[in-house]
Amino acid sequence: MSSSKTPRYNRFSGGATIVTGFGFWLTAEATSSYKQHRRTPSTSSTMTYSPRDEDDGMPPISTPRRSDSAISVRSLHSESTMSLRSTFSLHEEEEDTEPQVFAEQPSVKLCCQLCCSVFKDPVITTCGVSQKCPVDNAKLTVVVNNIAVAEQIGELFIHCKYGCRPAATGKPGAFEVDPLGCPFTIKLSSRKDHEAGCDYRPVRCPNNPSCPPLLTMNLEAHLKACEHIKCPHSKYGCTFIGNQDTYETHLEMCKFEGLKEFLQQTDDRFHEMQVALAQKDQDIAFLRSMLGKLSEKLDQLEKNLELKFDVLDENQSKLSEDLMEFRRDASMLNVSAFKARSYDPQQIFKCKGTFVGHQGPVWCLCVYSTGDLLFSGSSDKTIKVWDTCTTYKCQKTLEGHDALVSIQVWDIQTLQKVNTIRAHDNPVCTLVSSHNMLFSGSLKAIKVWDIMGTELKLKKELTGLNHWVRALVASQNHLYSGSYQTIKIWDIRSLECVHVLQTSGGSVYSIAVTNHHIVCGTYENLIHVWDIESKEQVRTLTGHVGTVYALAVISTPDQTKVFSASYDRSLRVWSMDNMICTQTLLRHQGSVTALAVSRGRLFSGAVDSTVKVWTC
């Protein structure tokens, strides 16, 4: 159900270092030589290369296995609409598809397996929603251009297009070398630079389009003998047309020559008026754009208001149902004690402040209790360190993340990066530490690292997982991991799986462990609760209308509260004594993605790039 969602990135804190995971993997090889060769007579019969012409044929096309990441390319497919125009056709009238005749046969690795042509605009894609793969109909979305493959293709040598002509076979889109055309071969990446100044490029006489077609190399000689030279004042009405000799004589007698300063001033004034008119048009367009943006903002505010009203209506309906249930059970409860515990005004959480500074969504939070420091990780590739005790300001911004698959180790005392480890072949979704070990979750794997000062040494890889591991929690002597509709419980000492909990609602995105319960949030808006001793599911909590991204626990001697953060922009407070929602917190303007707890305070990070502080 969640295979198309982007992995979420989590956190770790402990000891004197903080470890974070963030980035994306992409490698390729490319060359950088840059040459130009003159064609020898032996190349006069070189044809456009197609891998299907090889004796051994094309390798079989295999259907790619569906996964959360894949590599694809857009290729240059063979064109079937190429017209066989003359080599002397004008540059501005040339076909959309230019002749492409390779000096040597390109490597099969640089050719599309579907159309057998050399790749054009190669890219790297992942599963998404923008288009469909032609092989297995999987949904794809472009992530980034494949620069390595593009550079290798750019190093291939081709014949100048002004040295090519339509093939004698008459096949549309097929070309061969023209022995009377440009003799040079150039790199594909530099063809535009060469062809822009090629001596064999067709041009028109600037004096009169009726002159016969010319090559660039012959233009200068033609201009000396051209009989169609016009007076420079022809735009004002002078009708003179002649050659170079009569042109100079005409200028001495031309009546417009004496008025050229006045005419130039008139042109300049007219140009200024055109510029002013264009500026006014830009101003009008800007005002229209601002009006459109204001209209869009108004629509968005209306939608936000409607969403909040929907949430409030839902809460009111839920509270009405709960009230009826309370009344039915009132005969079995101590009413006064119930009111003192459930409706204590001191237990109402309120937003006490907002940390602002990130330039992108906040995806993870963790607290270093010794120094009352809060660490927030964002899509802007920074980690901000906040003082939560004295100044309540950002102490430092840590920069250095550039890959989804690496783990960065930071010294908390100096707030300096001390180590970088390539942890997985896929994005690192979550981190947690316990018993002097670090656990990192990725696609179908959990890696266990021994923490040795600032060094991490791989100890073991836990396998047998069915999907992305987006949630990891260490509690006492057990590690809890969440993947697709499954929670696995591992013995931290033996690193063996000791229990498996099956659930519903898609992938598990968050896990929390209390003294009596195991709680998990899922992709399909649900919160499941198990008894920690019997491992029996005791309740499913509903109310959120979006993925439950994060869970946190605050326990006191009197009661235990679980906080849930969701895609629906809300936080909910759940009493674990009676498994009901006692409060809904609505202050974020985007999906709430991360939670952290310190000294009875709750911190929440969201897609709106802020971190909010909640206390009773």
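Just so you know, glycine gets a Cβ as well, placed from its N, Cα and C.
What TrEMBL says about this one:
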- 35-78: region 'Disordered' (REGION)
- 41-50: compositional bias 'Low complexity' (COMPBIAS)
- 284-311: coiled coil (COILED)
- 355-387: repeat 'WD' (REPEAT)
- 501-540: repeat 'WD' (REPEAT)
- 541-584: repeat 'WD' (REPEAT)
- 585-616: repeat 'WD' (REPEAT)
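Contacts between the repeat 'WD' (355-387) and the repeat 'WD' (541-584): absent, as fewer than 3 C-beta pairs lie under 8 angstroms at sequence separation of six or more.
Below 8 angstroms of C-beta separation, residues 8, 10-11, 304, 308, 311, 346-356, 358-367, 369, 372, 374, 376, 378, 380, 386, 388, 546, 549-554, 563, 565-573 of the same chain, each at least six residues beyond the ends of the repeat 'WD' (585-616), sit close to that stretch. Averaged across the repeat 'WD' (541-584), the predicted model reaches a pLDDT of 92.
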